[in-house]
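Features as listed in Swiss-Prot:
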- K37: active site (ACT_SITE)
- G12, V13, G14, K15, T16, V17, D49, E108, G109, A110, G111, P197, A198, G199: ATP binding site (BINDING)
- T16, D49, E108: Mg(2+) binding site (BINDING)
- T41: substrate binding site (BINDING)
Amino acid sequence: MTVLVVTGTDTGVGKTVATAALACHARRAGIDVAVCKPVQTGTDDGDDDLAEVARLSGVTELAGLARYPRPLAPVAAAAAAGMALPSREQLLRFIGELDRPGRLTLVEGAGGLLVELGENGVTARDLAVALGAAVLVVVRPALGTLNHTALTLEALAAQGLSCAGLVIGAWPEHPGPVETSNRPALEALAPVRAVLPAGAAALAAAEFEAVSAGAFDRDWVTALAG
């Protein structure tokens, strides 16, 4: 099994759409792909990232562990619900149960890299370290993204983690000077693996499949699965 952790520089940067696009591309390439979302918040507001991944990507191997009603950070959402966060051991066992030779397992975090997902401050970075997984970082194209991206990459490097690259999660239809200048600057920080159009989540499945097919390099995706 190859595990790839998908994180973002912030919440709302397009992690779920990026995860769905990569999963869709992998499925089309004939790769056995699974997607897991260990911690989901905001279920009372209808947030269901795995359902969105299923609708957009056509992937059927989906798994979730902990779900909390309020649209808050996991620690606050768990406290508001009177529930516990999963332990480190539960999180790792949950991901490990998806294990299968030749499978690509995408693990979508919640918020950014250092947001607590589990008891005792466990983060997506901690999971990546324990799993020996590379991390794909979803970024904004807007003002402020260079600092946020550099900080995320620095946090990965501090634990010896490999960055699998960047995905620009929502490229505007009419980019301005900020976006057009940030794009090469992001590419100088780490390889940009895909640039997804703003509004991709609203596309029909067939349209989204076409977008995902053109967004990623097929050889890179195939190499992810080993």
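A Cβ is built for glycine as well, from the same backbone N, Cα and C atoms used for every other residue.
Structure with Swiss-Prot features highlighted.
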| residue | record | CB count, 10 Å |
| --- | --- | --- |
| G12 | ATP binding site | 11 |
| G14 | ATP binding site | 22 |
| T16 | ATP binding site | 25 |
| K37 | active site | 25 |
| T41 | substrate binding site | 26 |
| D49 | ATP binding site | 21 |
| E108 | Mg(2+) binding site | 28 |
| G109 | ATP binding site | 26 |
| G111 | ATP binding site | 22 |
| A198 | ATP binding site | 17 |
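In this structure, G111 (ATP binding site) is part of a beta strand by DSSP. Comparing G109 (ATP binding site) with T41 (substrate binding site), their Cα atoms are 11 Å apart once rounded. Here the binding residues for ATP are G12, V13, G14, K15, T16, V17, D49, E108, G109, A110, G111, P197, A198, G199. Their largest Cα to Cα distance works out to 21 Å. In this structure, the C-alpha atom of E108 (Mg(2+) binding site) lies 5 angstrom from that of K37 (active site). Secondary structure at D49 (ATP binding site), as computed by DSSP, is helix. When the alpha carbons of G111 (ATP binding site) and K37 (active site) are compared, the span between them is 12 angstrom. Listed in chain order, the residues near the Mg(2+) site other than T16, D49, E108 are V6, K15, T19, A20, V35, K37, L50, E52, V53, each with its Cβ within 8 Å of the site Cβ centroid.
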